[in-house]
Amino acid sequence: MARCERLRGAALRDVLGQAQGVLFDCDGVLWNGERIVPGAPELLQRLAQAGKATLFVSNNSRRARPELALRFARLGFTGLRAEELFSSAVCAARLLRQRLPGPPDAPGAVFVLGGEGLRAELRAAGLRLAGDPGDDPRVRAVLVGYDEHFSFAKLTEACAHLRDPDCLLVATDRDPWHPLTDGSRTPGTGSLAAAVETASGRQALVVGKPSPYMFQCITEDFSVDPARMLMVGDRLETDILFGHRCGMTTVLTLTGVSSLEEAQAYLAAGQHDLVPHYYVESIADLMEGLGGLSPPPQFPDPVDGGYRP
């Protein structure tokens, strides 16, 4: 049972020593806006030197995978492969490839509520989007992502497509809001998805955390044992719940959204799926447990391109 204990000393060395690898959330864990969390790039280098594989899971659907990889590099995180980055955009593209209804020779199009990064990820997966040049195929899925230009007109069009019972409704995530560096908030995809669900009377399939589908995408590309993986995140209702649902050891870092007091309140209320096994002030605190670790076997190379037909 998770007890929200501080991870340090012998416990830290034992947890890292037994771990196959680490899944990191990004926003609030590795960086906040354009400011990296002090020590984060060095930690990833130390984990690599110790033979611990690192993968990255983000509900941010605004960037296509190549663009997200460039962001890592620009902020000083070097030596990463794009195939190690799993965003809700990547997972949405995969789910739609797998589940889009319709005959193979006319799979239909996706109506997207989202930005150009999400659209680019879908096109890279071979999906057709409503409004693209060429024939106007039947819309067979509505995808709700982070859309800074969400409008009544877009909501109306989405609901019109969803009157077809065979049209899928997919959401990248349910994050209701996101913190801004000035302390204010901006609506998240979860708020937009709730509007579409309410107006259409449909329930969305969600691909991002805490949905286990994101971990399924990882296991399709990498040989991972969830019992030997750490999930490190800053949001209890997203990252920590995701870790518990997938059978991982969970670590809350206090550099982002959730506080230690919130975790302790969930513990007192018996909501154990929202309570981390451990917490750290910052992921830089994990470096203390890496001394003297010998490299275990690495993950095999991922499937070509990260997509499966």
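Yeah, the Cβs are placed from backbone N, Cα and C, and that goes for glycine too.
The Mg(2+) site in Swiss-Prot is built from ASP25, ASP27 plus one of ASP234, ASP273, ASP285, namely ASP234. In this structure, of the binding-site residues HIS178, LYS209, the smallest number of CB atoms within 10 A of the CB marks HIS178. Cα-Cα distance from ASN60 (substrate binding site) to ASP27 (active site, proton donor): 8 Å (rounded to the nearest whole number). Comparing C-alpha positions, SER58 (substrate binding site) sits nearest to ASP25 among the recorded positions ASP25, ASP27, ASP234. Looking at ASP25, ASP27, ASP234, the recorded positions in this record, the fewest other C-beta atoms within 10 angstroms of the C-beta turn up around ASP27.
Working note on the binding-site residues SER58, ASN59, ASN60: by count of other C-beta atoms within 10 Å of each C-beta, ASN59 ranks first. Close to the recorded Mg(2+) site, the chain also has CYS26, GLY28, VAL29, LEU30, SER58, GLY233, ARG235, ASP239, THR253, GLY256, VAL257: residues not among ASP25, ASP27, ASP234 whose Cβ is within 8 Å of the site's Cβ mean position. Note: the Cα of HIS178 (substrate binding site) and the Cα of ASP27 (active site, proton donor) are spaced 10 Å from each other.
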